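The active site, nucleophile annotation in Swiss-Prot covers Cys81 and is backed by sequence analysis. Annotation comment: Swiss-Prot describes His172, Glu174 as active site, charge relay system, evidence class sequence analysis. Positions annotated as L-glutamine binding site by Swiss-Prot, on the basis of sequence analysis: Gly48, Glu49, Ser50, Arg109, Ile136, Arg137.
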Amino acid sequence: MRGVVGVLALQGDFREHKEALKRLGIEAKEVRKKEHLEGLKALIVPGGESTTIGKLAREYGIEDEVRKRVEEGSLALFGTCAGAIWLAKEIVGYPEQPRLGVLEAWVERNAFGRQVESFEEDLEVEGLGSFHGVFIRAPVFRRLGEGVEVLARLGDLPVLVRQGKVLASSFHPELTEDPRLHRYFLELAGV
C-alpha cells in the first residue's frame, strides 16, 4: 500500500491529519480496528484525549498489533500531543493509564497547563528549520531513554523526539498549513 498512511480514528483530531496528508498527495486510511492496519507501513496517532485513545485501542485490539508491528520494524508511528503520550513508555503520575510503550520516554500530560493556557510558538526543528508549533494542553518529555533523539525544544524542554521509526511531538503540526513535519514522517516511514 505505498502512498497510503493510516490515521488512528478512534477519537481526536484525525480529520486534520487526513487533510495534511491529502495536501501531500497521500491517501489516508482511517484505522478503527486491528484489521485496518493490514498492509500499512505508517500510522499517525492524533491528538485528543490520551486515556480514551489508549482504552479504545486496547478494546479494539489495535494496541497489541501496533506494538508487535513497531517492534518488528514493519510499522512507523507518528504521535502528536495525546498520540505522543500513548506511545510513551511511562506517563508521569498515571502509571495505570493504557499506553503502547514503544517510545523510551517519560511523558507528563498537560505540562504547559489547561486548555485556556494553550499557545503557539516558533520552534527550531533539526533538519527543517523554523516550524510553528501549536500547543494545546500539551505534554512534555521529562526523561528520554538511550537512542531517543531530540529534534526540537521549547526552551530546555524536548517537544519533538524520534526513536528509530517512531516520531512524537508535544505540539499539533496538523493544525498548521506547513507540510514539512508530515513529509519528514513519510520519508522516515518510506512511504
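Cβ from N, Cα, C; glycine included.
Taking the mean position of the Cβ atoms of Gly48, Glu49, Ser50, Arg109, Ile136, Arg137 as the L-glutamine site, the remaining residues of that chain whose Cβ falls within 8 Å of it are Gly12, Gly47, Cys81, Ala82, Ile85, Asn110, Pro139. Note on the recorded positions Glu49, Glu174: the fewest other CB atoms within 10 A surround the CB of Glu49. When the Cα atoms are compared, Glu174 (active site, charge relay system) and Gly48 (L-glutamine binding site) turn out to be 12 Å apart.
A separation of roughly 7 Å, to the nearest angstrom, links the Cα atoms of Gly48 (L-glutamine binding site) and the residue listed as 'active site, nucleophile'. For the L-glutamine site listed in the record, the two most distant Cα atoms among Gly48, Glu49, Ser50, Arg109, Ile136, Arg137 lie 13 Å apart.
Across the structure, Ile136 (L-glutamine binding site) and His172 (active site, charge relay system) are spaced 8 Å apart at their Cα atoms. For His172 (active site, charge relay system), the spatially nearest entry among the recorded positions Ser50, Cys81, Arg109, Arg137 is Cys81, judged by CA separation. In the three-state DSSP assignment, the secondary structure recorded for Glu174 (active site, charge relay system) is helix.
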